[in-house]
Amino acid sequence: MGYFEKALLAAAVIGALSGLVGSLVVLRRRTFFAQALTHATFPGAVAATIVGVSIPLGAALASILIVGIMTLIGRVKRQGTQVASGILLTAGFALGVLLQALNPSLPVQVDSYLVGSILTVTTGDLALAVGVLGVAVAVIVLLGKEILFSTFDPSGFRAAGFREWPIELLTLTLITATVVTAMPAVGAILAIALIAAPAAAARLVTRTATQILVLAPVLGAAAGLVGVLLSRAIDVAAGPAIALTAAALFLLALGGRRLSLARLRLTA
Amino acid sequence: MAGASFSYGQSPALADIDFEVRAGEAVALIGPNGSGKSTLLKGILGLIQRVSGTVEVLGASAAPAGSIGYVPQADEIDQQFPVTLEQVVMMGRYRSLGWLRLPGKRDRQAVTHALDAVGLGHRAKTRFGELSGGQQQRGLLARAVAAGPRLLLLDEPFNGLDQQNRDALVGTVKRLKEEGVAVVVSTHDLQLAREVCEQVLLLNGTQVAFGPRESVLILENVQRTFREVGVEIDEHTVVVPGHTGH
């Protein structure tokens, strides 16, 4: 497999994964949390390069640390999770920049952490993405009904005799794994576009959560493929091309929905 | 429930509750806002901390899975969530289905039956958020019915309902009682207590009175329950001025 074919495959797999897990992010209203997580992976990746371990490993460790700190700050009275996410988003990013400035001799360019470099993804990165996608699909097929119930009506879910924390832990783990997986391809800053935009677009044009869970991965994969092809055709960086394609899909869905609502009003 | 008290963290919420409800009977929980009606329902469900006393549900200290049907107030629910009425009702089946298993034919039949029972069979595919408040409330009752409960808990089910939705709800609750389901319903609506409930529990942070409807719903008791908001008794209706909401 040539580097371009590998890039296409990685873009499709990571796009599908981001769309699928992004559906959970959008339905559970955790977009800002996911955004903070993507930025927090940045210092983890820089630190991993300095120490010489694998970048996804460093990003994953940083994410776990960040989720822990965020949970603690979220418990402070009258602060809540939004504040916690906001603080860590900027602090994580600043820490990454600082680490990089302190180590000017790093072999990797700063850009590749921030906007990704899908043309240089390794077979290992690709295998990780396929593995995480497989786990995410299995979780959503097997536990989708509990996840949707707890998201829709948490007190009804508890009243029915279920516990909430396994669902919360499971979704946080999936979100973290997705952010870490998407980072080598689309970078810390752009990953959120691929996670939020396809799911938000799917939500606009569907009626049920099940339809979102099917459509969002398709849109995510499409954004990945089109982005990589565009980047070659007009010679721009792949990460931004993927993120802009995802954003364009969202705008298309928004426009489509407006049109169909307007038509409904005309016929009514 | 004997001598039971409940609290949220450090602050006590409800003290000294002593009552029981038998199969096929209904108890109305009546009291002003913040008197502990919802707290009592959550106490029965085991969702809040009990500091003293005992709670036995269906003869056990922990109710068997799926044996309690709970109908929350519809405004506690995410209105924007993309889910159809039918899917909401199916959620009532999840507990007995268990983890990892998908609904089968029997579950779908139970959902259809429950929707027909509340008179919403024709709205099965409608998005939950597009239903009126009263229809949502009936949908949540259908979800509880689909679970095939032996004890049904309703939290203010009649708030802001029009006559048609109200009648549909009353009819469903009466039918369930005939099938041997025990019912506990929190309400402001004394008329409802008269229509559906044999027993009344008056609450005001603590238990004011419990017993057969006729002997409990007397002026003195009602005044003690609603002491801060004032009470008028006008033939058979007790009106509590300026008293709306939960």
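Cβ from N, Cα, C; glycine included.
Here is what TrEMBL records for this protein:
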- A:7-27: transmembrane segment (TRANSMEM)
- A:47-74: transmembrane segment (TRANSMEM)
- A:86-106: transmembrane segment (TRANSMEM)
- A:126-144: transmembrane segment (TRANSMEM)
- A:165-182: transmembrane segment (TRANSMEM)
- A:188-205: transmembrane segment (TRANSMEM)
- A:212-230: transmembrane segment (TRANSMEM)
- A:236-255: transmembrane segment (TRANSMEM)
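Counting residues 6+ beyond its ends, the transmembrane segment (A:126-144) has Cβ neighbours under 8 Å at 6, 9-10, 13-14, 16-17, 20-21, 24, 56, 167, 170, 174, 177-178, 181, 185, 210, 213 in the same chain. Here the transmembrane segment (A:7-27) does not touch the transmembrane segment (A:86-106). Their Cβ atoms form fewer than 3 pairs under 8 Å, with each pair 6 or more residues apart. Distant neighbours of the transmembrane segment (A:165-182): 14, 17-18, 21-22, 24-25, 28, 30, 33-34, 37-38, 41, 56, 59-60, 63-64, 67, 116, 125, 128-129, 132, 135-136, 139, 143, 146-147, 150, 191, 194-195; these residues of the same chain sit at least 6 beyond its ends, with a Cβ under 8 Å from one of its Cβ atoms. For the transmembrane segment (A:188-205), same-chain residues at least 6 beyond its ends with a Cβ under 8 Å from one of its own Cβ atoms are 14-15, 18-19, 21-23, 25-27, 31, 34-35, 38-39, 41-42, 45, 93, 96, 113-116, 175, 178-179, 182, 211-212, 215-217, 219-220, 223-224, 239-240, 242-243, 246-247, 249-250, 252-254, 256-257. Same-chain residues lying 6 or more positions outside the transmembrane segment (A:86-106) and placing a CB less than 8 Å from one of its CB atoms are 32, 35-36, 39-43, 45-47, 49-50, 62, 66, 69-70, 73, 113, 188.
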